[in-house]
Amino acid sequence: MARNGGVAWMRTTDKIDGYDLSTSDTEEVHVLAVDDSLVDRKVIERLLRISSCKVTAVDSGRRALQYLGLDEEIQKKETNGFDGLKVDLIITDYCMPGMTGYELLKKVKESSAFREIPVVIMSSENVIARIDRCLEEGAEDFIVKPVKLSDVKRIIDYTTTELREGEQREGARAKRRGINKRKQREGDDDLSSSPPSTLSSSTSSPSSSIQSATAPSSPSTLDSPTRRLKMTSSE
Amino acid sequence: MDVVNQLQRQFIDYSASLHREGFLDDQFTQLQKLQDDNSPDFVVEVASLFFEDCEKLINNMARALEQQQGVDFKQVDASVHQLKGSSSSIGAMRVKDVCIAFRSFCEAQNRE
């Protein structure tokens, strides 16, 4: 694969059929890392590789969208829409010129193809308002830099759990997406008390308890409460 | 072999003193742990990238500060912010601390 601009490729395999979560050779998580700083990119890349992940590092939000195939200027008409490996997790810096991590987060969450992908934001500034805003927009987690191995391990751990659960939930989720579109915007505080596997059962009971989204946030056990914009309550 | 041992000891002593004097912090130790046989030059590579980054940023800052028609503190601040980020990622604690101080000068628009 050719090297281009700010994109570092590790290796590509032919997993073009997107939802092939049970990968045949390995169960490596594929992470898309986005950071404008070369030093930070190098560090995060290493942290991820040591945690047995495949990494694609890019230097801007724009390039990240291009990689995903979401860039408006570059129309990707593939039905599966993946430019390479399926991305299991996006980890991005907040402060970047051009498109901030927050804007990238929004774009990912707005896309139907990619909103399921958990997005983690990194920032050197520990600003509560910023953290809240990101979590509200659907970020999985918010890490304060400098990033340590323990941070990365934690994220990979629950992403891997997510993926495994995802196989079970996939069908349920698809159904839920249609019915409960508005629910995506609602809080998921309940999740913290229930183990992730309960999600599949939640579809059968359209309870009044607000269940969160399909989307990214399920890993409940973490201390990052994902709060959503409350639109309506149950159906 | 003796020479190797000596060098190793010197390295350890030097590292320890850098930590003690506050030049390096725990993040640097973290990075050292990430180095292994698969990536034997990791620390060197990151450090080199850091130095290049520093050079570029410091040049930017110098240029911004030398402006005759008035210093663009926003630009200086942006560079310092980036430098602070890189230095904190690599564990260059002192550099990071200096950056923090520097930024408050920028905010105060204090050229001195």
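Using the three backbone atoms N, Cα and C, a Cβ is placed for every residue, glycine included.
Whatever TrEMBL says is automated annotation, not expert-curated.
Annotation comment: TrEMBL describes A:163-173 as compositional bias 'Basic and acidic residues'.
As annotated by TrEMBL, compositional bias 'Basic residues' applies to A:174-184.
Feature annotation from TrEMBL assigns compositional bias 'Low complexity' to A:192-224.
According to TrEMBL, the domain 'Response regulatory' annotation covers A:30-160.
Shown in sequence order, A:V34, A:D35, A:D36, A:S37, A:D40, A:G101, A:I121, A:M122, A:S123 are the residues of the chain, 6+ apart in sequence, with a C-beta less than 8 angstroms from the C-beta of A:D93 (4-aspartylphosphate). Look at TrEMBL and you will find A:D93 tagged as 4-aspartylphosphate.
The region 'Disordered' feature in TrEMBL is assigned to A:163-235.
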Take the domain 'Response regulatory' (A:30-160) and average the pLDDT across it for me. 86
